[in-house]
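Student: One structure coming up, written as structure tokens, with questions to follow.
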Ligand SMILES: [Zn+2]
């Protein structure tokens, strides 16, 4: 069983059994309450999943999947911090997955996307985060990894269909990780895809207070 | 859960130190800290986004290191504690997210506690002095806060007497250091430069100490005017082509800060009839603040307590200590949906 956590858009938590069956799932599109809802969501999903495993209806937890963004930093960090904590608490590996991969898999499996397409999420400050894919299974192939583009005037290359979403499906995030594990594929580092340097103003020397 | 002598792991991420502490009741087992201070040095102050990024990187390694130091396993822990405020919002959220997840995954109770009360609770973990007596006045000063508290109980009765109405004292040290061409963080460098200076060279203003200010702000602090006065003084000297006597300016500035801090703290002890004063926060590293506090406390018949520096600067052990106090007093855990609250009032010991 895999537990998947993503806070790159709203907050999404899901537990998926080894056979792909969704055991428990909670999500909200709210982009302002990650640190609040992560607690109850995790408690409900883990309680449901642990009960299924205890009853012999599912395998025990074997990994924690963390959506590494891109996404607004403050919220994104909450889910990654939580996933890292669950992994050390349960003694299972952390499996980092770019959040857009989950959306891409959902679009391909749902028969929505085919050929070349891109997944777009809000990056605030009039920018969007864009990842370009080629439809493939079991794992979508990344044609161009995540980048920022101005929201106004951004158009994908010809023939590339754009899908903008406001939520990341945690179940699909778990499915991507399971497919990577099954294929023996590697996972990226568990670092957030910030795509932007921190906001800082370099000191220019003390400002005069007298004229 | 063991409620007589609980084993608590505490996480602190309110500013630029990632702290993880492990205590058993009032016994300190581990106090592990990763600081991002060096990353802020070139900016001359704590940059919130830089601090939050550093917390995420440091948190799980710091937890693992604390467990190793304490010689306990996560499964042995009775409760997970975290600072839920006050502090930098984005920084707090890293700790809160991780602490909730630890508690849920381990099926242990979760305690969200107040950072400032934690600073007072740090004193419980000392083994070099007798027990902390209450009530006490507590003066907590660091780069992030300057607060004067009346502590009647560490579990449920803490009152804010006053706080800074502009800069924290530590910020003033950083800004004056920059003005004098001294490195960040300003506190230790000003302290060093001041050692050979004359504290009476310049009489810098003492904020909120005039009779009319004392009516409304008896226990509040203000360092913005002091900082400007130092800047004005230095600029005038430079404009006149004079060499700036760094040691004298540093000593005079430090004297003004130490004077106001200790005068107001001792006044609170006198006014409220509380003959005890506790210092907390990074400022206890400042030699002159310690010296003047000791001098004035003795003259006023006030017993002064200063925990060791490793417990005074931000740390997770103090957070674990407060949670342990709450557990031993029979308080229920916090709800798993509590928010990181950057302005959590000091009257809320546990959120
Ligand atoms: Zn502090």
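Cβ coordinates come from backbone N, Cα and C, glycine included.
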Student: Which one of B:271, B:314 goes with B:115, B:119 at the Fe cation site, as TrEMBL has it?
Tutor: B:314
Student: Do you know which of B:123, B:166, B:174 TrEMBL groups with B:140, B:141, B:142, B:143, B:144, B:187, B:191, B:286 in the substrate site?
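Tutor: Candidate in the recorded substrate site: B:174.
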Student: Nearest of the binding-site residues to residue B:187 (substrate binding site) by CA-CA distance, picking from B:115, B:119, B:314?
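Tutor: That would be B:314, the closest of B:115, B:119, B:314 to residue B:187 (substrate binding site).
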Student: For ligand 1, which among the binding-site residues B:140, B:286, B:314 have a CB under 6 Å from it?
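Tutor: Correct list: B:314.
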Student: State the Cα to Cα distance, in Å, between residue B:115 (Fe cation binding site) and residue B:142 (substrate binding site), rounded to an integer.
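Tutor: Their Cα atoms are separated by 12 Å.
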Student: If you count CB neighbours within 10 Å, which one among the binding-site residues B:115, B:119 has the smallest count?
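Tutor: Minimum Cβ neighbour count within 10 Å, taken over the binding-site residues B:115, B:119, occurs at B:115.
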Student: So how far apart do the substrate binders B:140, B:141, B:142, B:143, B:144, B:174, B:187, B:191, B:286 get, largest Cα to Cα in Å?
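Tutor: So the maximum pairwise Cα distance among the substrate binders is 18 Å.
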Student: Cα-Cα separation of residue B:140 (substrate binding site) and residue B:119 (Fe cation binding site), in Å?
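Tutor: Pair distance, Cα basis, whole Å: 7 Å.
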